[in-house]
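In TrEMBL this protein carries:
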type: REGION; residues: 163-182; note: region 'Disordered'
type: TRANSMEM; residues: 12-31; note: transmembrane segment
type: TRANSMEM; residues: 51-70; note: transmembrane segment
type: TRANSMEM; residues: 82-103; note: transmembrane segment
type: TRANSMEM; residues: 115-134; note: transmembrane segment
Amino acid sequence: MGVLSSVNITFFRVGYLSFLAFACLKDVNLILSNASFLMFTKAMNLPALVIPSYSAQLGLFAVVFSLLALQDFIPLIERNTMYFESVVSLRLFFFFALTTYAYCVPGNLFLHNNAVVIYGGCEIWMNFLIFTALRDEKNERFKEANRVTLDDEPEVLEPLTELEGAEADARAEDSSNSSDEE
């Protein structure tokens, strides 16, 4: 199992969402005033989001981020790969559409800001890594299930007799003649 397995990346996503929930409760400016965050804001020519540290909406965001982390943590503990194989591609599409809309439509300041676009970009990146890791793990499981070993005896085929070979040639010739007539 490699470093970038779907389990490790999903644990990273759970930690990331838990950190965002903690930062919303503690001080959201810890994230919004980060130098890298501000650099991306200037580079993408986005308006900077300014939220007071004691805004009431931050509690709601903390709950949402906590529930998103919990939504991945429980199936991760149960090793429910079917859940992740079905939900990650949908999540990837949703965040890609949301981030594209938020970045390309500057008139909507509710979505066209640095927090939405950068969060969406991080989600796209993490979900893409999870998606590719899941696909690789699924291919490995398929290879293991369909592996042919040298212990298996090959099937011995009997040679065709002359009569069976002549009958097969006649059938092939008849089918080619009937297709030419049509």
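Cβ atoms here come from the backbone N, Cα and C positions, even for glycine.
A quick note: this is a predicted structure, and the numbers were derived from the prediction, not measured.
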Would you call the transmembrane segment (115-134) and the transmembrane segment (12-31) in contact, using three or more Cβ pairs under 8 Å, pairs 6 or more apart in sequence? yes
Using Cβ atoms and a strict cutoff of less than 8 Å, what residues sit near the transmembrane segment (82-103) while being 6 or more residues removed from its termini? 6, 10, 44, 46, 75-76, 111-113, 116-117, 120-121, 123-124, 127-128, 130-131, 134, 138
Using a Cβ cut-off under 8 Å, which residues of the same chain at least 6 positions beyond either end of the transmembrane segment (51-70) come close to it? 13-14, 17-18, 20-22, 24-25, 27-29, 32
